[in-house]
Amino acid sequence: MALALGFAAASSLFLPHNFTRFPKISTSSSSRGRCRVRHVSTVICFASDPQQLKQARQDLNDLIKTTRCNPLLIRVGWHDAGTYDKNIQEWPKRGGANGSLHFEIELSHKANAGLVNALKLLRPIKDKYPNITYADLFQLASATAIEEAGGPVIPMKYGRLDAPKPEDCPPEGKLPDAGPPSPAAHLRDVFYRMGLTDKEIVALSGAHTLGRSRPERSGWGKPETKYTKDGPGAPGGQSWTVEWLKFDNSYFKEIKEQRDQDLLVLPTDAVLFEDPGFKVYAEKYAVDQDAFLKDYAEAHAKLSNLGAKFDPVDGFSIADAPQTPIPEKFVAAKYSYGASEDKA
């Protein structure tokens, strides 16, 4: 897959780590770039500028409303974080949410097919706000996309450092496959490696309530269905749910019933209602949307932090009492544009 986006590593934006905290006499409180000066105390530097993150979040809201690219943005955050290996201590070799997905070598992995479109959408925002890291931008985009689709507010924190060079990218094969010979064992192999539980595996699977699978990219799904033939975005693909830009518990209802041949059911979907360890949660989420939304928000936040190295070390929040947005009524034909979305 060729990529010529001209992205540059963001590590040059950072102050050296030994300058993260140092004594500073001051009689006032101010903000200087990404360093906050406190009264007669310390200068605290951030991997990303908090104000630029807030502004980028608003730009992401606008981007999502005009392009309906929620599934694509969710996937870019997941795939950046989902390479984490809890058995490797060294950063950034352990993978995870470190922004390495913007390097061509990782973007060209088979599991990342189509994500070049996500980076094309995010590039203008990254250029506009140079003092935020790729790692933070990818996770901000993913959480914002969930919330804009009517999903829960994700308790996010920021300050992730970027992997500095392409050699830091994880090897191919770290992400889950849709149709392995033993779906339950495969899901556990991949997600247990990240330190996630059966409950979190099932909750995160519920994000497939958004998006479509395209056979030309993943090898799964129909070329087109009555739910996807008019877009939004480039028409085609097969969705897991009827209203595939609305975040709710429809995925679990549809997977359980399997009554609509135009809706996708992968082996890794069906196993959620077959494996005893998964089934208890899948059954619960099919009838209790509030439980699903609560557990999903917690699991998404945990995923977004996997493998990340934060500056400041505890990260920081940009939340200002956000409220769950009310999703716009889904009318596919209203949102037709040239870019394409993928499964979440």
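Including glycine, each Cβ sits where the backbone N, Cα and C put it.
TrEMBL has this to say about the protein:
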DOMAIN    132-315  domain 'Plant heme peroxidase family profile'
REGION    208-235  region 'Disordered'
COMPBIAS  213-229  compositional bias 'Basic and acidic residues'
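The average pLDDT computed over the domain 'Plant heme peroxidase family profile' (132-315) stands at 96.
Taking H, G and I as helix, E and B as strand and the rest as coil, DSSP gives the compositional bias 'Basic and acidic residues' (213-229) the counts 4 helix, 1 strand, 12 coil.
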